[in-house]
C-alpha cells in the first residue's frame, strides 16, 4: 500500500470535514480510516461500525419521542441587524425628491388615483411602492415635478422608502445564505455579506424610492432556490424550483397595453410648460384610450371646400396630400417647428387656431400606405396601415407613449417625429362613415348619435398578453432621451469612472451621490481577471492530465465559478448593445455577482494554500492581507457614507478629499 498517498488523503479529508457537511463525505472518511488502520495493523471493522451502533442504540432508547429542533444562525441575525441599522437610519432624510424618485413617485400617485398609464418597464416594483404608500395613507395629491422639490406633509416619505430599504437589508442576508451553498467555508459567506453591507452604492440605492435593491433581491433569491433544488431530489427539489420560478418572475416582473384613438378637444396647450418652454398655444391633440365622439376626424382634399362626400366617393390613394379636420371643432390637424410638451425632441401636434400672429397653418399631410400592393393602392378602413407625413417638415404623426400632465387630462401625447420607421407612426382607420352635411351643427348631431364600435374588453391569453407587453416595452425603449451629464458607458463601469449626483441640498453643500466603495470595486474587477486566468490554467493542466488539485476542489471551482462568472457577464455584456442613455446603476445587477465571485476567489486561494504543508506561512500572510484589505473597505465605506445619507454640510475641502478620481464630479454651491 502507498502510505504517502494515504497521508495526503487524510489531509484532504480533514479539509473536507472542516468545510463541508459530514454526511456528504462519509464514504471517503471510512475508506481513509481503513487504509490507515490496515497500515497500522489494527482491525478496521471495529471503528467503522461504532457510529452505526451508537445511532441504533440512541434510536432504540426513545422510539416514541417527538423532537422539535430549532437552529438559530447568530451570524445571519447579526448581519441582518447591521444591514437594517445602516439602511433605515434617518430614512426620511432628506425630505426632498431624490433622483428617480421623481419618476417612481409619479407612478405611485397615478396608481393611487387609479389613472391609467403606459410604463415601459415591469410594474411589480412600483406596485410594491404603491402598496407601502397606500398602507401609510398616501392620497396621491403631490406633484412630482422636479428633483429637489420638498415633500409636503401628506407624503409618507419613510413608508415609501421602506420597501427598498428592507429589500437592501435582506440583500445582505441572502448573500450570506447563497455563499454558504456555493463556497466551502462559512467565513467566505460572512465576507461576501460584509462586502455587500459595506458597499456604498448598495446603501445609496436602498435608502430611496428606487427599484434596484428590490430587483437584485428577487434575483439572488431565485438563484439561491435553484441551487437548493440541485441538491435535493423528488418533491423537495420541485418545491425549490417552483420557488425559484416565482422569485425570478418577480425579478423580471407582467397588463395588456390599450389601443388609443387620435383625439382632440376644445382645450389648448398652456402658454408655458413647467420647465419654462413655450408652446404654440394651439388646440390640444392627444391619443385617448376610450371611444369618444372627439375621436372622429374628417379626411378631405386641400382644394375642396365642401365636407359632404361627393357621389361617387373620391378615393384617397397612396401619396395623396390631404387635410384632417377634427369632427367636432372643425379645426385642421397641424404641426409646427415647436417642441412637443413631454417629448421635446419631437414636434408638437395641434389643431390650428388662427390667432392672427406670424404662425401660418401647416396642415397638409401625405398619406403613406405601408402595406400597399401598388403605388395606386387606396386607403381602406381596417385593412390599410397608413403613415401620415407632415408635408412642411417631413415628420410622421406618432404616438409617443408618454402621458400629458393634468392640463392634458393625463391623456397620451401625440407628436410629429423625424424618425418615420418607428412602429408608432402607423395608424389604422377602425371605422368610417360618409359625411352627409356641410352644416356644422347637423354634422355634430350625426357624430354624437353615431353608433360606436363595441368596447368590450379584448380577450387575450396569458401568452398573447405577455408577448404584446414585451413588444411594447422593447419598441418604447429606443425612445428614451439621449444624453445626460451623469451618463456613462458600460466600458467605464468596472473602473468606476463616473458617479451620479442624486440630490443637492438647497441650503448647504450636503449632497447624495451614487458612488461605489472603490476598494471593493477594483478588487472585484481584479477577481474577474484572476478567475479567467485560473480557468485557463486549470483547463490546460487538465488537458495534460496534471492533477494539481483534488477533484472536489476543482469541481467546486468550476461549479461555483461558472455560476458567478457567467452571472456577471450575462448581466453586463448586453449593455454594450443597447442604444440609449445608460447610468452607473445599470451595472449593479452585474456588480453583485462580481462581489460574490471576489469572495469565492479568496475562498479558493485559501483552500489551495491549505493543501500544501510548506505554505503555512503563506497562508498566514494571506489571512493578514485579507484583514488589512477588509479594514480599508470599512474605512472607505465610512468616509463616503456622507454622500449616501446626505445629512452633512460638506465644505470645499471635504469634497476635494472625497474626489479620489478626476472624473468624479461633485457639486458646490457658489458663494454670493
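The backbone N, Cα and C atoms fix where each Cβ goes, and this holds for glycine too.
Nobody curates TrEMBL annotations by hand; they come from automatic prediction.
Residue ranges 519-540, 651-672 are listed, and TrEMBL annotates 519-540 among them as transmembrane segment.
Sequence-distant contacts of the transmembrane segment (590-609) (same chain, six or more residues past either end, CB-CB distance under 8 Å): 15, 19, 171, 175, 178-179, 182-185, 188-189, 191-192, 195-196, 199, 201-202, 216, 220, 493, 516, 520-521, 523-525, 527-528, 530-531, 534, 549, 553, 556-557, 560-561, 564-565, 567-569, 571-572, 615, 618-619, 622-623, 626.
Across the domain 'MIR' (374-432), DSSP assigns 6 helix, 22 strand, 31 coil. Nonlocal intrachain contacts for the transmembrane segment (519-540), taken as residues 6+ away from its ends with a CB within less than 8 angstroms of a stretch CB, comprise 195, 198-199, 494-496, 548-549, 554, 557, 561, 565, 568, 591, 594-595, 597-598, 601, 604, 629, 632-633, 636. Helix, strand and coil counts under DSSP for the domain 'MIR' (313-370) come to 0 helix, 25 strand, 33 coil. Listed as Cβ neighbours of the transmembrane segment (159-178) (distance under 8 Å, sequence separation of 6 or more from its ends, same chain) are residues 75-76, 79-80, 82-84, 87-88, 91-92, 105, 108, 128-129, 131-133, 135-136, 138, 189-190, 192-193, 196-197, 202-203, 205-211, 213-214, 216-217, 220-221, 223-224, 227, 592, 595-596.
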